[in-house]
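Inspection log for the structure reproduced underneath, given as structure tokens.
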Amino acid sequence: MYHQIGMWDQKWVIGNWKMNGRLQNNNALMHRFRILPTAERVLIGLAAPTVYLLQLHNAMQIVLNNRILTCAQDVSRFPNNGAYTGEVSAEMLADTGTDIVLIGHSERSLYFGEKNEIQRRKMENVLNVGLIPLLCVGESLEEREAGKEHEVIAHQLSVLQGLDTKNIAVAYEPVWAIGTGKVATVEQIADMHAFIYKEILSLCGSDVKIRVLYGGSVKADNAADIFAVPYVDGALVGGASLSYDSFTAIISAAQNA
Ligand code: PEP
């Protein structure tokens, strides 16, 4: 039985493939998920490049013991249809079976200049079609060394204010820990996750449901320690999600957390 525990109480483990994957490799990987043991305490998702979302969504339908959610890595700031060459709207993502959409990953702001205003439009587009936005926030090394991490995260979280939803999902990903092998310490994670919870409650009201995921070099061998930190509701996993063995080890750490 899927989702015996509501998704806002499960640990979320979402793989972010970034710009990786090919039809044949994806199929081989998805085939292995068919027999993944039931992890009813975990919401599992995979964020593939847009061009592979439909393939992923179709492959998920034959997974036996778990429901694996289809996640998109980005969405257009423009809604619906229009003369926006190269863009993919939230409506299109919904049409092809997407459940969750990453918004504002630090690589989007680093390479494509995305800031709060664009992220806000994307959040609204995603909510308007009934999908779940997962807002990514995180400070740079410079900002942390200058002692500005709380100020920076508070500013990034301000896009949540006044959104028409009572379900808020955020991934805290210190930029200096993404793809670098450097993991934030348990103390740094605990401090920031508690701060993010507090900010969300004050921005969105005390009746919101919240998931705050940690992201940044989460691997099979550090996942259990990270999941044990208070206010850590899961992980956004980059590199380690490309390997079935390491990704499923992280899922099982979440299941046993
Ligand atoms: C990410 O891309 O969101 C991420 C956390 O990457 P990695 O796990 O590779 O650091």
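Just so it is clear, glycine is given a Cβ too, placed from its N, Cα and C backbone atoms.
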In TrEMBL, substrate binding by ASN16, TRP17, LYS18, GLY179, GLY238, GLY239 extends, among SER158, SER202, SER217, to SER217
In this structure, the one of the binding-site residues ASN16, SER217 whose CB has the fewest other CB atoms within 10 Å is SER217
Filtered by Cβ under 8 Å and at least 6 apart in sequence, the residues in the chain of TRP17 (substrate binding site) near it are LEU46, ALA47, ALA48, PRO49, GLN73, SER241, LEU242
Rounding to whole Å, the Cα atoms of GLU173 (active site, proton acceptor) and HIS105 (active site, electrophile) are apart by 9
Of ASN16, TRP17, GLY238, the binding-site residues with C-beta less than 6 Å from an atom of ligand 1, in sequence order, are ASN16, GLY238
